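Listed features, source Swiss-Prot:
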- D89: active site, proton donor/acceptor (ACT_SITE)
- K151: active site, schiff-base intermediate with acetaldehyde (ACT_SITE)
- K180: active site, proton donor/acceptor (ACT_SITE)
Amino acid sequence: MKLSKYIDHTLLKPQATEKDILKLIEEAKTYDFASVCVNPSWVKLAYENLKDTNVKVCTVVGFPLGATSIASKVYETKVAIEDGADEIDMVIAVGQLKSGNDEYVKEEIKKIVEASKDKLVKVIIETCLLTEEEKVKACTLSKEAGADYVKTSTGFSTGGAKPEDIKLMREAVGKDMGVKASGGIHTREEMEVMIENGATRIGASCGVELVK
């Protein structure tokens, strides 16, 4: 697979303007990235500009804290898909996981997988807030709930992707599930290290620099 197809070209800053999003979309088309990842209010715009291409539209749910209710996340998912999203990056309820409420976490992922129908679901576990044991548990619950990917980070918390976390997550989910590294990846070397450790998708705001 060519390097560009690993990349979710990402712009999730709250101050991003329509002009910024359109630039992101044009870059994704030029460099043939896997997707653009944008906030839900920009999904329609992204869909309209990418529907005749093979670049997917990715958006976020329960972002960035993961602390909204399951019902809220399900509704967000349904609206995003109606607006044209192909991929959903959802944030788990980190506090519920850390409280040992495994069934809650599994249920919310399962509900979002169901709401997404045949669309891709990536589960953001926010590795920087978890112990090693919790990281493995989050990955296991994601797999059991039927998600397609586990993802390291929102990029809005205390840390981003680390190679050792990618390796741990890959070992936890096995070969038949995607692993997305996101947060703090700024160079091609960093991206290649993530891929070597098991990442099958890279979330980055500097996608153009990574493939030039």
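Glycine residues also receive a Cβ, built from the backbone N, Cα and C atoms like all the rest.
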Integer Cα-Cα distance in angstrom, K180 (active site, proton donor/acceptor) to D89 (active site, proton donor/acceptor): 10
C-alpha spacing of the residue listed as 'active site, schiff-base intermediate with acetaldehyde' relative to D89 (active site, proton donor/acceptor), in angstrom: 8
Tertiary neighbours of K151 (active site, schiff-base intermediate with acetaldehyde) (same chain, Cβ under 8 Å, six or more apart): D89, K122, V123, I124, I125, V179, K180, A181, S182, R201, G203
